[in-house]
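For reference, Swiss-Prot has these:
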type   : residues : note
REPEAT : 13-53    : repeat 'WD 1'
REPEAT : 61-100   : repeat 'WD 2'
REPEAT : 103-142  : repeat 'WD 3'
REPEAT : 147-188  : repeat 'WD 4'
REPEAT : 191-230  : repeat 'WD 5'
REPEAT : 232-270  : repeat 'WD 6'
REPEAT : 290-326  : repeat 'WD 7'
Amino acid sequence: MAEGLVLKGIMRAHTDIVTAIATPIDNSDIIVTASRDKSIILWKLTKDDKSYGVAQRRLTGHSHFVEDVVLSSDGQFALSGSWDGELRLWDLATGETTRRFVGHTKDVLSVAFSTDNRQIVSASRDRTIKLWNTLGECKYTISEGDGHKEWVSCVRFSPNTLVPTIVSASWDKTVKVWNLQNCKLRNSLVGHSGYLNTVAVSPDGSLCASGGKDGVILLWDLAEGKKLYSLEAGSIIHSLCFSPNRYWLCAATENSIRIWDLESKSVVEDLKVDLKSEAEKNEGGVGTGNQKKVIYCTSLNWSADGSTLFSGYTDGVVRVWGIGRY
């Protein structure tokens, strides 16, 4: 019996591209999504046939597209970054903004929490990476010199707490690895031929994967700063994530969601959306007229137990895939 992914359900509430999905580390029945509709939605997962989850709360306050969202490890707070140039910390119990982080001079494209939630990092079109405390104070800005020469599209903390590390990806085609203790450059990873949209760090902190315009995923050894190998995705890569419990890497591309087994370096899954069958299911057997439109996945994240893959699309829909056997 092979393991594969099947579409378990869909979640509708956003009215524009779903830019990011955050899942709780305790596997509780919530997720948080961000969108170009300028809102963040807290979902309660019901796992019903008709709808996999319901929008419990919509967090509003950003004045432009929300580009990224992450959850604190206790699941109490969400942190977002927006094209309005700000980060916001949200109390999920009340839906209120508890902190605004002001300092970037252009769109914020990416945000992340350190493992202990005491540090926050953000990346922007102003070409800087900023390190903040949870009070909203900017403690350090990585800019000129070793900094990126173009938009910084993605920034992530390594889960390896022994060697505190930040990894960033940029439109200057490089991935940079930073020592968190002194914010100094450890390695500059060169090999891509186009701008980068995304970087992901493996659960053990040993690897990172990067992708973007050139349609090639590069895998890097984080400790050594060396390229290990490449995987051909075949079209622009918008998001990457590692499975928490299988040696799998998932890529959201403009063609499909592609999943590789990193041991064999083979594609185990290539997930495409069937709008026709989705419409029929939704309308109770009557297809709708929008099956011609091209949609693709822009964001994805696994549940903490690795059983469920949440994927956000350009049509504002969150599609939920579950591990099945066939």
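Placement of Cβ uses the backbone N, Cα and C atoms for every residue, glycine included.
From a predicted model like this one, the values you see are computed outputs, not experimental measurements.
Sequence-distant neighbours of the repeat 'WD 7' (290-326) (same chain, 6+ residues past either end, Cβ-Cβ under 8 Å): 1-27, 31, 33-35, 37, 43, 52-53, 238-239, 241, 243-246, 250, 252-257, 271, 273, 275-276, 279. For the repeat 'WD 1' (13-53), the residues of the chain that approach it from at least six positions outside its boundaries are 59-60, 62-71, 73, 75, 78, 80, 82, 90, 92, 95, 298-305, 310-314, 316-318, 320, judged by C-beta separation under 8 angstroms. Sequence-distant neighbours of the repeat 'WD 3' (103-142) (same chain, 6+ residues past either end, Cβ-Cβ under 8 Å): 64-65, 67-74, 79-87, 89, 148-157, 159, 161, 164, 166, 168, 170, 178, 180, 183. For the repeat 'WD 1' (13-53), the model's pLDDT averages out at 96.
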